[in-house]
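I have placed the structure first, in the form of structure tokens, so that the comments after it can refer back to it.
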Amino acid sequence: MEGRRQRLLVFIFGALAITHLVQAQPPDQRGFISLDCGLPVNESPYTDPRTGLTFSSDADFILSGLRGEAGDDNTYIYRQYKDLRYFPDGIRNCYNLKVEQGINYLIRAGFGYGNYDGLNVYPKFDLHVGPNMWIAVDLEFGKDREIIYMTTSNLLQICLVKTGSTIPMISTLELRPLRNDSYLTQFGPLDLIYRRAYSSNSTGFIRYPDDIFDRKWDRYNEFETDVNTTLNVRSSSPFQVPEAVSRMGITPENASLPLRFYVSLDDDSDKVNVYFHFAEIQALRGNETREFDIELEEDIIQSAYSPTMLQSDTKYNLSPHKCSSGLCYLKLVRTPRSTLPPLISAIEAFKVVDFPYAETNPNDVAAMKDIEAFYGLKMISWQGDPCVPELLKWEDLKCSYTNKSTPPRIISLDLSSRGLKGVIAPAFQNLTELRKLDLSNNSFTGGVPEFLASMKSLSIINLNWNDLTGPLPKLLLDREKNGLKLTIQGNPKLCNDASCKNNNNQTYIVPVVASVASVLIIIAVLILILVFKKRRPTQVDSLPTVQHGLPNRPSIFTQTKRFTYSEVEALTDNFERVLGEGGFGVVYHGILNGTQPIAVKLLSQSSVQGYKEFKAEVELLLRVHHVNLVSLVGYCDEESNLALLYEYAPNGDLKQHLSGERGGSPLKWSSRLKIVVETAQGLEYLHTGCKPPMVHRDVKTTNILLDEHFQAKLADFGLSRSFPVGGETHVSTAVAGTPGYLDPEYYRTNRLNEKSDVYSFGIVLLEIITSRPVIQQTREKPHIAAWVGYMLTKGDIENVVDPRLNRDYEPTSVWKALEIAMSCVNPSSEKRPTMSQVTNELKQCLTLENSKRGVREDMGSRSSVEMSTSFTTEINPKAR
């Protein structure tokens, strides 16, 4: 008997010890995502000593951004606010987080600016959850932001979106799964306004490990009467309010008055959800009663409510409430039969956020992610939702939109000229609504996959200029007969069914004709040698368009001279003298006909430009002729050797003179004006003198060449595009151009028109006035237009104009040029002038400068600047 009793006591004490041990363990962090943004990978993970939370580096969850450290003035107490990540590049930068679908998550973003960049300018930007805007962040009044959101897929994207000149940044990103039967999210996500645990005896936060969901409860002093207990308070509700919160509370200082609270809103139209947390923590005598009404303005959430003894309970409004005048008044009103005043432990107040946009169809998103991973694509715009919001959709694709609540579908994908290699990825077939697929001008190998024929929505497939091999699938050829537009030029090893059979038949007769072919080849070579000895570069007649399946590139329709690669080598003395280097390749000096200097631009094998841009530039320069557009002497299109031969500009480009790279005296103000007037005339001709009209798309100071008389020649037409006339106002196209000069409206919308060139020209005009870089190479990277706009508010022209001019200018002329420039860079394209208006205004500006200073233009400048502007209506414009 005694032995049994001893064994029982051992069992009881052991059970108590195990229970105590279990209770001492911190809550499970399963499902938590705790990112210290910018934390070096070699310091990850670590355990926060204050909370016991394990934080990891964010490096595996985002592809962009740079690491920073908060300055010494950063007062945050948590380790994770020491590091940060900032995003100087791109508009939208997104974290990709794997979550459980259909679960309520608490999402918390933390910001510790700490003057990390030394600029002491608080960033402003937007935060998005998936395709929807969550909050506009202003870190001058900043704090951590928190939202409760039910996930709609297994991938959650949190995006920082640049909205102005400052750079978005973030210190910490945390996700905590909640119970779905607690907070109401069916009316929309819940953006936290405040979460207060009422007590006047303590400060700081209550969070994990006291709160198993890691909610941050702010101990808040309402200057009322404190109530607290040391007894255990149970929590059986889905909210599981931490015991540290439920053990304290407040009652009104005047027991006969209500407890009053309020919620302040940013907008009168905002709606709120309020959660009141109670627990009776005072021992009531037999004749005592605590009973009160819970009121949200005029609505009674619950009448005659009595808290449960030593057990937490939560009451809330079942539908979002709209308050008057931007303030919501909350009251706990004692009932007539109550002997005790109201008591409350905590309040959580949320704004109900409208997330109107459905995410892009998840199968389309998964397909795009697979394609991105398959080819190792790293594109700054390919972040966040592919289609939504429309202004931020991914480059190179188009989507169909039914309404905001219907997931968009991807209907067009253009991956041409992306340097893609390998086979055509199977993931393309998962874009089941795709109508147009352009994979041209890449290096795809292998056969044309049969799954393309099973993509029922496809109506256009462009596979030109790849290294595809083998026969075309029969099903695909059948689809072509029924309306599918299939182009496969430039794939010499690709054949349709008939041509493949012919190739097989030819294997039997090769021995018969081999000797004959050899003789014919020898004769042909001898004839070619004789021909080339008699003439140098030859006139090329127009050739018929090459149909798909033929091995040769389509010929460029031309009446100018086509050079062989060996001739180009001879003209440049085997590429002896380098003039410069750009995105196309290296530019060499050459001599034509023994006396005429020329510039030869040779396409490099690693060039970001491809045959498409080369062809576009040749075709444009063959049909446009203007004294302020660079003249094409000839071109080389031989196998992989591509070259453009231009008239030589011995004075380099405008950028070199503005930056001082070429040495010598800086350009005078009158010379700068003359150059921009001539450049404006060239652009005006492209916009109004060409049929169809053209947009240059890459106007910048490095593309303005200067001949021996310093006459301006606009160059580099590889990105030029025609634009619509008549009723249409724009053409939709993938964004192309140079950062800093790129029209921001075109960047956002992909809608191109001639006003995009006007914006770029305005930036050029600001450059010749200030001689400042378009984007300063500082961490903040201020843009020249923003800087000039700020300086002009002071009204002092000397702070804006290039100091190297030594005030040697007519101030009225400079002011007028500044006004023209600022009108050109207006954010709205509709408010920008046309190039014709700009040209006329600048001519007046130049006349004003010359007349005020008594300067007479030389004949060379007059012949260009004073040229008449009569335009032709013919298909081919007249030379000017």
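Yeah, the Cβs are placed from backbone N, Cα and C, and that goes for glycine too.
Which of 827-853, 854-880 counts as region 'Disordered' depends on Swiss-Prot, and there it is 854-880. In Swiss-Prot, the entry for N-linked glycosylation site among N180, N593 corresponds to N180.
Scan Swiss-Prot for N-linked glycosylation site across N317, N505 and the hit is N505.
In Swiss-Prot, the entry for N-linked glycosylation site among N42, N287 corresponds to N287. Cβ environment of E581 (ATP binding site): V587 lie under 8 Å away, each six or more residues apart in the same chain. Note on the repeat 'LRR 1' (409-430): residues 360-361, 363-364, 366-368, 370-371, 374-375, 377, 386-387, 396-400, 436-446, 448-449, 451-452, 454-455, 457, 462, 609-610, 612-613, 734 of its chain, located 6 or more positions outside it, place their CB under 8 angstroms from a CB of the stretch. Long-range neighbours of N287 (N-linked glycosylation site) (same chain, six or more residues apart, CB within less than 8 Å of its CB): T339. Here the candidates are the recorded positions L579, G585, D698, and by Cα distance the one nearest N228 (N-linked glycosylation site) turns out to be D698.
On a Cα basis, D698 (active site, proton acceptor) lies 35 Å away from N403 (N-linked glycosylation site). The repeat 'LRR 3' (457-476): residue composition by secondary structure is 3 helix, 6 strand, 11 coil, according to DSSP. DSSP gives Y746 (phosphotyrosine) a helix state.
In the three-state DSSP classification, N430 (N-linked glycosylation site) falls within a helix. Each residue contributes its Cα atom, and for D698 (active site, proton acceptor) and G585 (ATP binding site) those atoms are 16 Å apart.
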